[in-house]
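According to TrEMBL, the protein has these features:
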TRANSMEM  12-29  transmembrane segment
DOMAIN    18-444  domain 'Major facilitator superfamily (MFS) profile'
TRANSMEM  70-87  transmembrane segment
TRANSMEM  99-120  transmembrane segment
TRANSMEM  126-147  transmembrane segment
TRANSMEM  159-176  transmembrane segment
TRANSMEM  188-209  transmembrane segment
TRANSMEM  246-270  transmembrane segment
TRANSMEM  282-306  transmembrane segment
TRANSMEM  327-346  transmembrane segment
TRANSMEM  352-373  transmembrane segment
TRANSMEM  385-408  transmembrane segment
TRANSMEM  420-439  transmembrane segment
Amino acid sequence: MAVIPCFYVPKRINVAIMLFMACLLSYMMRVNLSINIIAMVEDTSSNENGTVEVLPDYGPRYNWTQSDQALLLGAYFYGYMITSLPAGTLAEMLGARNVAGYSCLVAGILTALTPAAAAWDKYAVFAVRFLIGFLNGVVYPCCHSLVSKWSPPDEKGKFVASLMGGTFGTVITWPISGVIIENLGWDWAFYIVGIFVLIVVAVWFYLVADTPAQHSSISLKEREYIENSLGNTLSNKKKWPPYKELILSMPFWSLMLLHYGSMWGLFFLITATPKFLSEVLGFNLSSAGVLSSLPHVARLICAFGFGGVADWIRRRDWWTVTKMRKAFCLPSHILPGIMLIILAYFGRDPYVCVAIMTISLGFNGAATASNLANSQDLAPNYAGTLYGIINCVGTTPGIFSPLIVAAFTKNENTIDQWHWIFIIGAAAYILPALFFWAFGSGKIQKWNEVETTESREDIVNTKL
């Protein structure tokens with residue numbers, strides 16, 4: 001007779017925790033250069049007296065111009081775009097567990113090699129950052145693929161919120177990097193991240209499986225609960241995504257634009273906030289790291305809050321999924337855009353600026369109930385593929401925003417130059433939300449269907 005453990009932790013909770021950690025690793029490797037680069041470059045800024053203030057010695061410094069720095073900060077996103085596009089299909093064909101796990105493993109090694117690349121040449125740093133982005137581009141589509149297979153519908157909000165591990169990665173990386181840089185030097189800010197990545201990847205391979213059916217220690221009761229709750233929306237067959245139907249789908253285009261707007265605001269704050277706080281508002285590296293993380297703390301907390309509310313609404317069947325996704329666009333996009341407009345016109349006090357940025361990104365935590373969840377609604381069979389495509393397009397702000405900041409601050413770097421940068425960010429939030437209100441949907445699309453007559457009828461007639 002089988003022995004039933006007296007204390008059983010649901011395996012989907014372990015999977016959700018590891019999804020959180022995978023996203024955390026991805027963002028630790030993504031954002032660490034944003035603050036590390038401040039200690040890596042020669043300081044050529046001038047104070048009010050016209051004298052050059054040189055930062056303390058945190059290690060070797062390199063003569064990288066503002067344009068060079070923008071290129072290096074954007075390098076990650078060039079590589080990220082390439083693999084983000086096919087990543088969902090790779091996850092669905094090869095298994096999300098291995099694709100994400102081995103990619104993080106190699107990316108962690110490359111992160112630890114970044115100081116050696118910097119000592120060689122700035123283009124070596126570009127190559128390393130490009131490769132790290134190339135490898136990390138698969139992580140989020142793989143995670144969405146795992147969510148579609150492990151998450152019961154009425155737990156979807158919390159599962160999607162677990163992907164906010166990336167936000168927590170930003171939260172801890174910036175302040176910790178600031179402390180590491182000031183005490184050990186900037187090179188250790190890369191080494192420690194690399195070591196941590198290797199440890200977490202080992203745990204990932206131990207705890208994660210592609211589906212409940214493939215998990216070695218899941219209980220029969222939990223497996224049946226997950227599989228029965230998902231019903232016939234998922235197929236066991238490996239099929240190529242219906243790209244033609246995707247291109248012609250207005251709900252999909254609406255989702256892509258909505259996700260783009262959210263990513264613009266997020267990537268702008270990731271790449272530009274440490275620079276803004278340090279060089280414009282005058283905070284030191286430790287303070288800049290801590291204050292830069294505050295908006296992301298707010299986003300993380302609000303993500304789980306909004307995700308829980310969305311699950312609560314869905315369990316009670318108060319709104320259709322479409323109505324719910326559109327309603328949550330108000331806090332996830334409209335309100336953050338309004339806050340950036342306020343920042344552009346009234347942000348003169350340093351702490352007021354930090355407060356407004358924190359409120360703006362905090363509201364964007366509602367993305368767990370709008371753009372981050374919508375690929376799961378439209379096509380559970382191809383959730384990874386859908387997210388891979390929208391994430392590929394949504395990555396471009398990571399390239400454009402440093403270039404825009406560099407263009408506006410090329411000759412002078414004061415709060416006045418940042419006015420239009422904030423206005424552009426506000427428009428990127430608000431306009432896609434208006435489009436999604438007009439054309440977005442939360443219904444399962446016909447092109448998701450399992451190819452049988454019965455499943456065709458079931459999916460089309462599903463009440464959402």
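Using N, Cα and C of the backbone, Cβ positions are placed for all residues, glycine too.
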Contact ranking winner - 99-120, 126-147, 327-346, 420-439 against the transmembrane segment (246-270), Cβ under 8 Å: 420-439
Intrachain neighbours beyond the transmembrane segment (420-439), with Cβ under 8 angstroms and 6 or more residues off its ends: 250-251, 253-255, 257-258, 260-262, 264-265, 268, 272, 325-326, 329-330, 332-334, 336-338, 340-341, 343-344, 347, 364, 370-371, 397, 404-405, 408
Contact set, same chain, for the transmembrane segment (385-408): CB under 8 Å, 6 or more residues outside the stretch: 66-67, 69-70, 73-74, 76-78, 80-81, 84-89, 92, 137, 140-141, 144, 241, 246, 252, 255-256, 259-260, 262-264, 266-268, 270-272, 275, 371, 375, 378-379, 417-418, 420-421, 424, 428
Long-range Cβ neighbours of the transmembrane segment (327-346) (under 8 Å; 6 or more residues past either end): 258, 261-262, 265, 302, 306, 310, 319, 352-353, 356-357, 359-361, 363-367, 369-371, 418-420, 422-423, 425-430, 432-433, 436-437, 440
Local confidence of the domain 'Major facilitator superfamily (MFS) profile' (18-444) - pLDDT mean: 84
For the transmembrane segment (70-87), sequence-distant contacts whose Cβ falls under 8 Å of one of its Cβ atoms, 6 or more beyond its ends: 30, 33-34, 37, 64, 99, 122, 125-127, 129-142, 267, 271, 384, 388-389, 391-392, 395-396, 398-399, 402-403, 405-406
